[in-house]
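To keep things clear, I will list the structure first and then write my remarks on it.
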Amino acid sequence: FKGGDTCEYLLSSGRFLGEKVWQPHSCMMHKYKNSEAKNCLIDKHVVFIGDSRIRQLFYSFIKLLNPQVKEEGIKHGNIPFEDKSASIKVDFLWYPEVNGSMRQRIKSWTEGSVAKPHIIVVGAATWSIKIHNGSNEALAQYKINITSIAPLLEKLAISSDVYWVLQDPVYEDMLSESRKMITNEKIDAYNEAAVRILNSSSRNSKAKVKVFSVSKLIAQETIMKSADGLHLPESSRDTNAMILMNVYCNKIMKPIDGSCCQPQPPLTLIQKIAFCFFTLSIIGYLIISLIHRNNYRKNKSCTDLESGEEKKPAISTPNVSTLEMLLQCFCKLGLIMTYFYLCDRANLFMKENKFYTHSSFFIPIVYILVLGVFYTENTKETKVLNREQTDEWKGWMQLVILIYHISGASTFLPVYMHIRVLVAAYLFQTGYGHFSYFWIKGDFGVYRVCQVLFRLNFLVVVLCIVMDRPYQFYYFVPLVTVWFMIIYATLAVWPQIVQKKANGNCLWHFGLLLKLICLLTCIYFLSYSQGAFEKIFSFWPLSKCFELNGNVYEWWFRWKLDRYVVFHGMLFAFIYLALQKRQMISEGKGDPLFSNKVSNVLLFISIVSFLTYSIWASSCNNKTECNELHPSVSVVQILAFILIRNIPGYVRSVYSSFFAWFGKISLELFICQYHIWLAADTKGILVLIPGYPMFNVLVSTFIFVCVAHEISQITNDLAQIVVPKDNSTLLKRLLCIAGFFSGLHFFSAMQDQSRH
């Protein structure tokens, strides 16, 4: 930890990820679009003063506002630019030397009521070296001139952003004969003079000229690609312009993936209340545990002085009351949430941008695959999609998704399409698992519903409070929650058709199929009627849950992307359980699922289907078109995988305990990664140990997995307390939960009002 001023790091240090992606030290840089740049600079006046190198930076800067601009201005003259739609003025003023003329121009902005530019970018030296043939007298005069200009710049820095651009190194072998006197040694001397003189008289931290030295580091890596050895290649100039935009605009626009120069967000009212609650829970737990420990010591076994025999105490172990267990859970949760806040809201730990390479994605995949195969054990049962197998399936899918996120592989379309299938497979399991439970058990009680809803949503609700994020931000949990309620409503609504009832009369099977057809019709209608979908979820209180950035479009997009796969899971469960009931499949240990001939044919078709989908996904060129096809075709690879995994008896009889362990905490892993493994709400990577990328990933991963496991235990413990089996007690708890959310809504409304 070296302090919270990431602006200094952005302006002075960093490294290249690959050839063109610049990574500032300790923070993330946002890539500004034209519309964002215009919104930031609306009604602003920006001035670039200097030589041809500053002119290049000027052009790269205005291309962020208007990419159509061409470099056609006068080479040795002033160049104006204006965007009338946003009232933005950007001027280049030709002052190739730090001299009296430049001083007079800068001085004019400090006098009287003259309108000052909001941003001033200054830099010059190479012309002085060239004109005076690199003489020491020219350097001495440069020092005198910059000494006279420095107080004026510092005065402007009180109300404007002033940047002094240090001189980039040159590629001496490529310089023309007329520029041979411009050496890197001379440039270093001029830069050293500028750094030493600027801000030397300023005691006010607000009146500091910001030294733009990062351009030197960028030039050192790229100047050999220069056309003339003096001017930077276009990609490097664009990087410098983007850094300049980040320095000024991040504190105004507050982009999620632009942590550089962003101040720590102030605590909201709800966050303060949560902090007080967790603090009281920790204090309460410590007091109760101390009281219990003292009582336990008093009741310890002691020797009877009269008989000399040892007496056994009435209480041999401390009793853990419900209150103590509740406080213990909130105590641990409070400490964990503090870690979440420090990682992704406080400017304590560093953050970096993601950068995708094939090796960063595929090597870890191979590594975890080897580990998974190494930890192979026999299953307790050999049914299709038994508990161990589904845990294993969730586990390896979650690990692949985690690697996909941290490596930034979403930029590679074939990988993206395969990951979409994994997300669809999670939802397929949601349809399969919940349908199977309701169909076999026939349990439509409130207790079951509350248990599932609590386990799915507890962590997300806490994170919404602590991290100040909307519910829809953690999109996967709203998705599985809504689909669970749809499955429940489909099967619970009259007539309730369950396996026990259907076994007595085959017509009930047709009744259930009719219900599923109605569900499919509703899904189809909503997927092609965005207006109807948005109207349903725009009603209060649903709008509070599903709105993101003021509308429900993101929710509609997420729901639509995998709209059929839950239905496919329900239909598969129905067909499988029907075949199982009629003993048309063999699930004995080591036995193939069907007869040898049928099993071989189905296995062949499954392998071909699996590979065909992978080939199609890998050859996909248009993301939008592939997303349109995905909901209808993703089930092909999912069913192919299930059959490949279950048709051979020996494959069905084993599972990977390594993957299954992760599968049991897959939901917690998916949610926790947002803030304590990734950073900036998944846009970047958390850096606990700077300078050692591999060691950092190992340490942050270890903490992340331990935290996810602990939260899973806390959720299970709290579920037993908050959602009791007794209906009257459960009703009271539900009223308390309703009161809690009403209070949350009230404080949220107060918070929104104070923000506006």
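In case you wondered, yes, glycine gets a Cβ from its N, Cα and C as well.
Per TrEMBL, domain 'NXPE C-terminal' is recorded for 22-86.
TrEMBL lists 253-734 with the feature domain 'Cas1p 10 TM acyl transferase'.
Tertiary proximity for the transmembrane segment (269-291) is limited to same-chain residues at least six positions away from its ends with a CB under 8 Å from its CB atoms, namely 321, 323-324, 327-328, 330-331, 333-335, 337-338, 465-466, 468, 744, 747-748, 750-751, 754. Summarising the annotation, TrEMBL assigns transmembrane segment to 269-291 (among others).
The transmembrane segment annotation in TrEMBL covers 355-375 (among others). Remote same-chain residues near the transmembrane segment (355-375) are listed as 17-18, 21, 23, 395-396, 399-400, 403-404, 407-409, 411-412, 415, 656-659 (criterion: CB distance under 8 Å, separation of at least six residues from the stretch ends).
Sequence annotations record features per position, and here TrEMBL assigns transmembrane segment to 396-417 (among others). Same-chain residues lying 6+ beyond the ends of the transmembrane segment (396-417) with a Cβ under 8 Å from its Cβ atoms: 354-358, 360-361, 364-365, 368-369, 372, 423, 425-426, 617-621, 623, 626, 630, 656, 659, 662-663, 666, 669-670, 673, 677-678, 682, 685, 697.
What TrEMBL records for 452-468 (among others) is transmembrane segment.
The transmembrane segment feature in TrEMBL is assigned to 474-494 (among others).
The transmembrane segment annotation in TrEMBL covers 506-526 (among others). Packing against the transmembrane segment (506-526) from elsewhere in the chain are residues 486, 490-491, 493, 495, 497, 532-533, 536, 563-564, 567, 570-571, 574, 578: each is 6 or more residues past its ends and has a CB under 8 Å from a CB in it.
Residues or ranges marked as transmembrane segment in TrEMBL: 561-579 (among others).
Summarising the annotation, TrEMBL assigns transmembrane segment to 600-617 (among others).
What TrEMBL lists as transmembrane segment is 629-647 (among others). Residues of the same chain lying 6 or more positions beyond the ends of the transmembrane segment (629-647) and with a Cβ under 8 Å from any Cβ of it are 384-385, 389, 393, 417, 420-421, 424-425, 428, 527, 560-565, 568, 572, 592-594, 599, 602-603, 606-607, 609-610, 612-614, 616.
Feature annotation from TrEMBL assigns transmembrane segment to 659-679 (among others).
Panel annotation: around the transmembrane segment (685-709), residues 25-26, 336, 339, 343-344, 349-354, 406, 665, 668-669, 672-673, 676-679 of the same chain, lying at least six beyond its termini, place a Cβ under 8 Å from a Cβ of the stretch. TrEMBL lists 685-709 (among others) with the feature transmembrane segment.
Tallying C-beta pairs under 8 angstroms between the transmembrane segment (452-468) and each of 474-494, 561-579, 659-679 places 474-494 first. Long-range contacts of the transmembrane segment (561-579) within the same chain, counting only residues at least 6 positions beyond its ends with a Cβ under 8 Å from a Cβ of the stretch, are 384-385, 420, 423-425, 427-433, 435-436, 439-440, 479, 483, 486-487, 490, 499, 509, 512-513, 516, 519-520, 523, 526-527, 585, 627, 630-632, 634-635, 638-639, 642. With DSSP classes pooled into helix, strand and coil, the tally for the domain 'NXPE C-terminal' (22-86) is 20 helix, 14 strand, 31 coil.
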